[in-house]
Amino acid sequence: ETRVRKVIFAEDDALQYTSWESISVILEKKKVELAERQEEAEALAEQAKRDEDQDYMNRKTQLHRERQERRKKKMEAIKKDQTKEEKAEQEAAAELMDAVKDFDRDFTYDELGAKVELRRVLYKAFEKSNTTAEVARKAREEYNLRRAVNEDAETLTDEFLGTQEGQLRFKYEMGVHFGKMRFSKYTDGTKFQASIAPLYKSKEEEGVTVLTSVSLLLAKRGDIAPSREYARERILAEFKKKRKEEVEQDLQVKTKASEDRYKQAFEDLVAQFGSPQTVWEKLWDPSSQQNYWHNHESNDTIWQEPAICHHCDAVIDPYDVRCFNCNTERSKYNCTLYQGDSSLIKKAGDEEEADAMDNASSTMAGSK
């Protein structure tokens, strides 16, 4: 054993082995260390890949959130858009509220003429409010339908194409169109092209062959541009149809609700203030400190609140279930003034409903 070996290998074998034995031990240790370093490097590489994948997913999630936020803001902006007809509707509604405030107070006999005029103003304001509401509904319907097949559909299409499902659908539509183009072109082409043309045509009408998929990958950008445009237009057309149906259904519900709301508002107005053409006015008598009802055509006066027919303006007898003059059922409010057997009113209502059903059945039978 040389002095050099003693110096070099003293730490490893401490003079317990021969030179060759020491070298073998050292090599084995180095091999273990190398394996450990390789494992450590692989672990670091895997961790780096996981970090990279996580960063990618974080960026993708952030982009998705940003797109969703943009879409949300855009849809909110669409809802906030107000047509000039809707502004007119709001102004008419404000005028109606002012007319109600002017009319909703006690009037003395000396103010009878003023009250008659205010009644005319009140129902004119109501008619204007109802008319402008109908115009606004139609304008909103046209506006929403126009947006549905334009801005809304474009936004939804862009959002869909940004998803994995959208990309798969886009590539599929491209393949279908590209295959049809190649089949048509090659059928009328050279002998070689004509021989491979059938390979572009799928057995299924809307299928994509293997050759079509490969050709798409190898085709130039200009060759696939028509297919890209076709695919987007195909998807866009579906969203246009979908949005149009959604908007039409939503508008149908809102229109019905608006019509019912105005119908109920008219009934409430008549119940509180009387019909538009009534000659009966509720007045205040300062001397007796109570209200009375005065007919400004016949000068008749009633001190107990009468049930005045909303149809013909006749006074309904307290014990009659309907107007004797025109045979019209009591309104909801006039039912509260009925002094007879309450079951008769219910029976009368049931009979009217049964008559209506019989009439409807007869109409359907006649149409058949």
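Numbers here mean position along the shown chain, with the first residue as 1.
The backbone N, Cα and C atoms fix where each Cβ goes, glycine too.
Positions annotated as compositional bias 'Basic and acidic residues' by TrEMBL: 47-90. Applying DSSP to the compositional bias 'Basic and acidic residues' (47-90) sorts its residues as follows: 41 helix, 0 strand, 3 coil.
Under the heading compositional bias 'Polar residues', TrEMBL lists 359-368.
Residues or ranges marked as domain 'WW' in TrEMBL: 280-308. In the predicted model, the domain 'WW' (280-308) has a mean pLDDT of 93.
Residues annotated as region 'Disordered' in TrEMBL: 38-90 (among others).
Annotation source TrEMBL lists region 'Disordered' at 349-368 (among others).
For the domain 'WW' (280-308), the number of residues in each DSSP class (helix H, G, I; strand E, B; coil) is 0 helix, 16 strand, 13 coil.
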